[in-house]
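J.: Sharing a structure here in structure tokens format.
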Ligand code: SIN
């Protein structure tokens, strides 16, 4: 440590893999690479300017393609984030992650991190070896954001392509574009660029220190089923037979559900399975007793949570012993 960086914020960098740590055989390749192979030291080496922004404590938590993210790794990561944030000499945490399930991990942390210190996830759409790789600038912006006072108390944030998004609402919207992350219904919280951070709005739903959810020892089995033309009840019946504790429906339009699925879901509820209705559309909200009769089905509406985030909230709720539809609806109206 040099004299000049003694006063810089101390940021823990937790690397988990992803395309930001991806490697291709050829710099012109932006597809067909291997994700999660480059170590955290190399990610840091690619961004010399980080030494002007923060003192970094780096850890390699995992080296995976995030399509393979597990609930066990979620719990390990969340526990590590909480432990680091309890330390007086850590001011914030940055997590590098694959883009594919980043929004799910971010929301899990948003509900289970017990600190107001900044937590920022970032990622990349192009591997580290690519011409015009987007990872180094995304990482610099993520650390800049985590080192910024304005990021405290905002819940878990995502820094991507110069934008700041809330973990609750951000979603991946493109398979290859470098502006892949959007908050479809509400827009970004702000921007980070050239060392400047500018928040345009805040986060009002409960999160982090305001969240009632503690990290459980394990997360219950909750699966997602999709409604579409010609859908059958086969998958729902199989999940119920396998002992699933909850089901999220990615419904059509405003959470409407094929008649064949509605009957299967009503049967699932009778067997003690918690059912939440979300939408496969990608934006907009699902209203209680709107396109499907929640009261009759015994289901819960997800509001503006997409199916993947609704699954996270449902898993934490069930793990906390909350399975009654009325109590669950209150949680979905709160978080
Ligand atoms: C991954 O999610 O790990 C691979 C894809 C990506 O990071 O863009």
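Cβ coordinates are placed from backbone N, Cα and C, and glycine is handled just like the others.
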J.: Of the candidates 63, 66, 70, 132, which one does TrEMBL list alongside 99, 100 as binding substrate?
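T.: Given 99, 100 bind substrate in TrEMBL, the matching entry from 63, 66, 70, 132 is 66.
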J.: Provide the three-state secondary structure of residue 66 (substrate binding site) computed with DSSP.
T.: helix
J.: Note the Cβ centroid of 66, 99, 100, the recorded substrate site, then list each other residue of that chain whose Cβ lies within 8 Å of it, in sequence.
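T.: The answer, listed by sequence position, is 18, 19, 35, 65, 67, 69, 97, 98, 101, 102, 123, 172.
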J.: Please list residues from the chain of residue 99 (substrate binding site) whose Cβ is under 8 angstroms from its Cβ, counting only those at least six apart in sequence.
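T.: Listed in sequence order: 18, 19, 66, 123, 124, 125, 172, 180, 181.
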J.: What three-state secondary structure does DSSP assign to residue 19 (active site, O-isoaspartyl threonine intermediate)?
T.: helix
